[in-house]
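Now, the feature entries from Swiss-Prot:
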- 1-143: region 'Disordered' (REGION)
- 36-55: compositional bias 'Low complexity' (COMPBIAS)
- 70-81: compositional bias 'Polar residues' (COMPBIAS)
- 107-124: compositional bias 'Polar residues' (COMPBIAS)
- 171-253: domain 'Doublecortin 1' (DOMAIN)
- 300-384: domain 'Doublecortin 2' (DOMAIN)
- 525-571: repeat 'WD 1' (REPEAT)
- 576-621: repeat 'WD 2' (REPEAT)
- 623-661: repeat 'WD 3' (REPEAT)
- 668-706: repeat 'WD 4' (REPEAT)
- 712-751: repeat 'WD 5' (REPEAT)
- 801-840: repeat 'WD 6' (REPEAT)
- 842-878: repeat 'WD 7' (REPEAT)
- 881-920: repeat 'WD 8' (REPEAT)
- 926-965: repeat 'WD 9' (REPEAT)
- 996-1035: repeat 'WD 10' (REPEAT)
- 1041-1076: repeat 'WD 11' (REPEAT)
């Protein structure tokens, strides 16, 4: 049985070395635990910031790390994170300006610090630390180093490092993804000690580029040798990066027997040179005609405008060296502007352009040209101007009408009234509030290009929109209420605190619900879903363990926090726990001084900690799949019981930290031990998935035997709880029964009761008043509800939650009401914190919409439309629209038309009566891609939708046809902005401030005042931007309380409240929007 000895140096207990030579040895040691703590003075002067070496990456263990004496393991602890951004320097100076005395930078570099500052902390057991509300730190927060103004003399020990100048040379390293032979590799060029200060720092840089399930944590050579230190990486070498410790051999860098070319270089697979194209769409974010990157003789970026419709225009890169005739180029340009047979090009002053040489020479300073089929330029009317203001520059210079020959406009196509000409803008829309934003500025605004799932999409700016502000909004989100309960996949997750509050968890939030005051408090220290929880014997502290996220900053760990102050007291397991925490439990006999944690990784490592001191007492790999729980024996703090699928074992911890295992259930066994309780004399009570309760006793030789076994329920038992008077309560998951058994009379049944079918099976039972024998209990169910009652009276609902995936959400247009619907076939109406009604419809509803007069429409996965009366929840009408799911539903502004987007890609339009209860099918507009979001235009003439591939499509509701030109639709005003793509919401994609790359925005909502944008992504992040949100530099306020996808977000009437739904446990959360 693989075991890990705990006899390793503990964090904070390493003393500083007695003499300077030990420090000199350490500076020359290649160990990555303290790597990258030196930097040349020129680098410090250049960046103006301190250097930080992240304290170890790669999760080194004592068994694999080089063994050295404690003195040689001494490390200077670096404290300030290296960054090229100048704002980090200001932040460092602000912290350093406090009351704490900070040693000089060069003194710390040369080992002149003493005490805990210079003590190397062991990463072998990754002991805990005070949290200090820092979610992403792997070490205790310390004050950044401050560089002194005058540089002292460098000691000989530190200066000796500079003798090897090759160490500071730039290195080029290529990394491959573990187990993926087709991954082309990520190339990184860096200077050790400057660009990259430690192996941890290097892994942080490449994690966003590797798309690993838990981020980059381990580095291996191509032969599988693990690299622990930055010094081990050689220039020009190739390495493999993994989230886990297991290396997978593969032909990295090869495909079909040929090596890939190095990233950034052309290899054998490069495409042959092709004929130079005459025109191509210009990437305005990277091309500049004035920067000298493209010579005038080679090509030009120009703006071309349709002479017949000035709102149709485009920026193109024109190749002046093409072999095509000028006339063919004009025809190609005409196709871009939807002009058939374009033959003429004019400047804004009416001069005709006849050749490429004129574009290079005579019209070199002209950037705007008009294309026409006739012989002259058609002038538009000038912009209306106020007499009290100076003239505003027009979008393009136009010839006076009397100087142009009159040309008949037979070829001019009719224009829609919803597409205003850009030259007829009113004065109020021409100027920004500061009076300096003219129409010329609008014309210079370039289309936005966004890359989504590897495909580039272009969104065109409307002529009139509010000014973009990239600063974060002046309001923030504050969690106000959490609806629901995690009973669908969790056990032992409901308690009653001494204050009378109910304690349970939903998503990444621990909820403390006071029924008497009708109020909630929330502990939000976790960044991913909570997987397990336990209450300290004092009932004043709580330990909760979370799962691991996709990045390295959301690692699995356990947090111990106070129920009174909601402050984090201790965190442990960072870097030690793999993919999550299966179980956590406090010891009982010694008053909760010990705590155990079981890792949900492949080895299911059991570890025991003395949490007040941060000591790891021991750990062992159980190697048990399907392990679901663990607990200390109440009469022996060194005896631990683990249970799970086909597993029940006792672990006795010896004084040396090793564990002795005794298996009670012999392998193989199909039974799943679901719960464990104890009799007052120490005998063990277990419940299993077959409905049996078993009592184990110990004989005089210390061996365990089955004393009693009986069938308590038809099928699986969800939980057991032993009350103080010796009564055992058991709850069935399948038969929904709760039974009471008298342990003093050989477990004779006292009474039983059955929960309603709508409530679900029993997941957890807890007495309402612990210590009292009144029989009142709380019950958590498998359908995410909490009930209260007793075996003598009926159960009533305390907390309602949707039992399966929750997708549908709609906000009432004129009231603080909102409705939810999910795959559990329930539709519910809420008023902020209160449930008004809930109905079971018989259909899995995924889309909701409110009629302007209060009717609720619900679209189902079977293609039905349900019309519900909001007064009483009665279903008034059921229509079969199609055979595919209705993913999005919306009424137009006046409520006389409803549009439904289907999984088959079509839009279905129905005429609606004034009261919203009568519907008549108008027609459908065929499409090809599944639709996910939908918005109506303000005038009710158009609909915009988003496909499953994030394409933005437009539909003409009057002509019942798709609108093919996104440029023609750029000035349409939309009633809502629920579509996740578009010019005014492009800043929520590929934002530079996101912690992860390739973020997929799943939902968004615009406030009624058009000043805020709420956005939710597939990783569970909720963000609040200013609206419009155009630039990828737009800043935001962020919260993360979901691990799964945030399915839908909506503002309530008045813009004071935000509602979110989603996650893996169908959680519903209410957020207050407060001043920052």
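Each residue's number is its place along the chain shown, starting with 1.
Using N, Cα and C of the backbone, Cβ positions are placed for all residues, glycine too.
Note that the coordinates shown come from a computational prediction; the quantities given were computed from them, not determined experimentally.
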Of 623-661, 668-706, 712-751, 881-920, 1041-1076, whichever stretch has the most CB pairs under 8 A to the repeat 'WD 1' (525-571): 1041-1076
Non-local residues, at least 6 beyond the ends, that sit with Cβ under 8 Å of the repeat 'WD 6' (801-840): 480-481, 483-485, 487-488, 506, 518, 758, 760, 782-785, 846-850, 852, 854, 856, 858-859, 861, 866, 868, 870, 872-875, 1047-1054, 1057, 1059, 1061-1063, 1065-1068, 1070
Distant-in-sequence neighbours of the repeat 'WD 4' (668-706), which means Cβ under 8 A and at least six residues beyond its ends: 491-492, 626, 628-629, 631, 633-635, 641, 643-648, 650, 662, 712-722, 726, 728, 730, 732, 741, 743, 747
Summary of DSSP states over the repeat 'WD 3' (623-661), given as helix, strand and coil counts: 0 helix, 27 strand, 12 coil
Same-chain residues near the repeat 'WD 5' (712-751), Cβ under 8 Å, at least 6 residues beyond its ends: 491-492, 672, 674-680, 685-693, 695, 757, 759-767, 771, 773, 777, 779, 782, 791-792
Within the repeat 'WD 11' (1041-1076), residues counted as helix, strand or coil by DSSP: 0 helix, 21 strand, 15 coil
